[in-house]
Structures are given as C-alpha cells and as structure tokens.
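Asks: The structure's right below; bear with me while I get my questions together.
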Amino acid sequence: MGGARSGRGDEMAAAAALGPGPLRVGFVGAGRMAEAIAQGFIRAGKVEAQHILASAPSDRNLCHFQALGCQTTHSNQEVLQSCLLVFFATKPHVLPAVLAEVASVVTTEHILVSVAAGVSLSTLEELLPPTTRVLRVSPNLPCLVQEGSVVMARGRHAGSSEAKLLQTLLEACGQCEEVPEAHMDIHTGLSGSGVAFVCTFSEALAEGAIKMGMPSGLAHRIVAQTLLGTAKMLQQKEQHPAQLRTDVCTPGGTTIYGLHALEQGGLRAATMSAVEAATCRARELSRK
C-alpha cells in the first residue's frame, strides 16, 4: 500500500479529542462497505471488535458484524449515544431521513463521517445541528481486502485533528488521502468504477491467452498476478506508468507489437472516456 503511515503517537493524539478510554466506533448502516471498513480497523488493531457498534433495520447484514465480534443494534440513536465517531453507510437516498432521526442526540463531541456517495458536505451540515463536525469519505471495494483507495474531505467545522484521526484509521483499509470535496466524484469515476474497468481489462487479457491455447484458470491466475505485480512496482518505485512501459518495451519485440494492437483498438481513448462518463454520472447523481 502506498503513502507514508501515520505514527501510533499521532493516532493516539488525534483520538484524544474523543475523550478517555478505548476508541468506540459506530456504524449506521451495515452493508458491505461498512463491514469492509470495520474489518480493516479490527485486523489492523486500531479498534477492538467489542468497541464497534453497528445498526441496521434488520439482521440481514448485522450477522456479518456479529461474526467479526462487534456489537449490533436496531436503534440508530443507540449508536450515536454509545459512540462519538460514527460512520453513516446507508444508501444515499435514505441518509436524510436517518440524519433527521438521530439529529436530536448529536452533540458537539461527535465526529460524523458519511460514506454515502453524492451527498455533499453542505447538505450533511444542513441536516445536522449547527457546528457538527462532519467529514465525507469515498472508499472503493478493495477495502474488503485492506487494499482500498479512499479519499476524504472535511466539512466547515472539522479540523486537522479530526482529519488526522480519520485518515490514520482508514489507512487500515488501504491508501487514504485528504482531497478537496470537488475531487470526490472524480474518485468515484476513477477508483470506485475503476475496479470494474480493471476487471474488464483483466478478463480481456485472460481471454487473449485462452484464444492462444492456455487453460482458463491458469490464464486468469497469471493476469491477476501480473496486475498485482505491476501495481506494486508503480507504488514502490513511484514511476510514471510510461517509464515502466518503456522498460518492458524492447525494439522489435513482442510488447511493441501488442501495444500497437491496443492503440489500433483505441484502448487509451476508451479508458479515458470511461472515467469521464463515470465521473459525469457521479456528478449528475450528486445534483439530484
């Protein structure tokens, strides 16, 4: 995973804003992304499972939190009353009603984090009591294996200590960077949707090998390892992708012939257009 890690001292200093005792973290909404974040916290030793409380209307998703050793409830207000750091991981269209339900128990000590795509910081702040400390987070699915790409943006009343605490915690799920809120929708198009784009390219690479006579299982395993190894080289060497591509591409060799075929197929333009289309759709959904 890329980026420098925050020290344990920084984490403890930031957590001090939430008072003495062990850090308690709440989740309102218990879907797959909430589970991924909670799992990252627990596996990295940042939060003990018994100090995580999740709420949902039914037991359908809460069983996954129970399997991790977390506490669960059907009461959203109970989460706010028990935890000062709370992640709201509901569907975007449900979030306003959920915030209205819990607003009466929100205090100035709370740090509230929205994982809901497309709900702006200004909207969140309008739905909550004045001066509430609010931040937005945009994760992607590889958080499930602690290799996610996460960006975060802070509201008007959230300071550097809250941002540091959240960033340090979320680094348990992969790479986490603070960005301007305007970059959140681009991250959705690039990294949220990008998982599907990479999977499509992965499938196509394997099918090329299958066409040439390689067994399917072997082809898919080799592609996955190729993607993993390439990503690690890009992270660890901090090279521009063009440099690594040049290192692989020898004059008159196999790679330049393959790259020529990709250019003929319009891979580069199609990929740029895919990120643009996904970002524009994210912005469109944000305006609704």
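Glycine residues also receive a Cβ, built from the backbone N, Cα and C atoms like all the rest.
A quick note: this is a predicted structure, and the numbers were derived from the prediction, not measured.
Taken from TrEMBL, the feature domain 'Pyrroline-5-carboxylate reductase catalytic N-terminal' applies to 24-118. The NADPH binding site annotation in TrEMBL covers ASN76. According to TrEMBL, the NADP(+) binding site annotation covers ALA89, THR90, LYS91, PRO92. The domain 'Pyrroline-5-carboxylate reductase dimerisation' annotation in TrEMBL covers 181-285.
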Asks: Looking only at the domain 'Pyrroline-5-carboxylate reductase dimerisation' (181-285), how are its residues distributed among DSSP helix, strand and coil?
Replies: 90 helix, 0 strand, 15 coil
Asks: Can you tell me how far the Cα of PRO92 (NADP(+) binding site) sits from the Cα of the residue listed as 'NADPH binding site', in Å?
Replies: 16
Asks: How far is it from ALA89 (NADP(+) binding site) to ASN76 (NADPH binding site), counting Cα to Cα, in Å?
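Replies: Pair distance, Cα basis, whole Å: 12 Å.
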Asks: What residue among the binding-site residues ASN76, THR90 has the most other CB atoms lying within 10 A of its CB?
Replies: THR90
Asks: Whole-number Å distance between the CA of ASN76 (NADPH binding site) and the CA of THR90 (NADP(+) binding site)?
Replies: 11
Asks: What counts of helix, strand and coil residues does DSSP assign across the domain 'Pyrroline-5-carboxylate reductase catalytic N-terminal' (24-118)?
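Replies: Residue counts in helix, strand and coil order: 43 helix, 19 strand, 33 coil.
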Asks: For the domain 'Pyrroline-5-carboxylate reductase catalytic N-terminal' (24-118), report the average pLDDT of the model, please.
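Replies: It averages 94.
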Asks: Hey, for the NADP(+) site built from ALA89, THR90, LYS91, PRO92, who else sits with CB inside 8 A of the CB center?
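Replies: Everything else in range on the chain: GLY29, GLY31, PHE88, HIS93, VAL94, LEU95, VAL98, VAL115, ALA116.
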Asks: Within 10 angstroms of the C-beta of LYS91 (NADP(+) binding site), what count of other C-beta atoms is obtained when all protein chains are considered?
Replies: 11
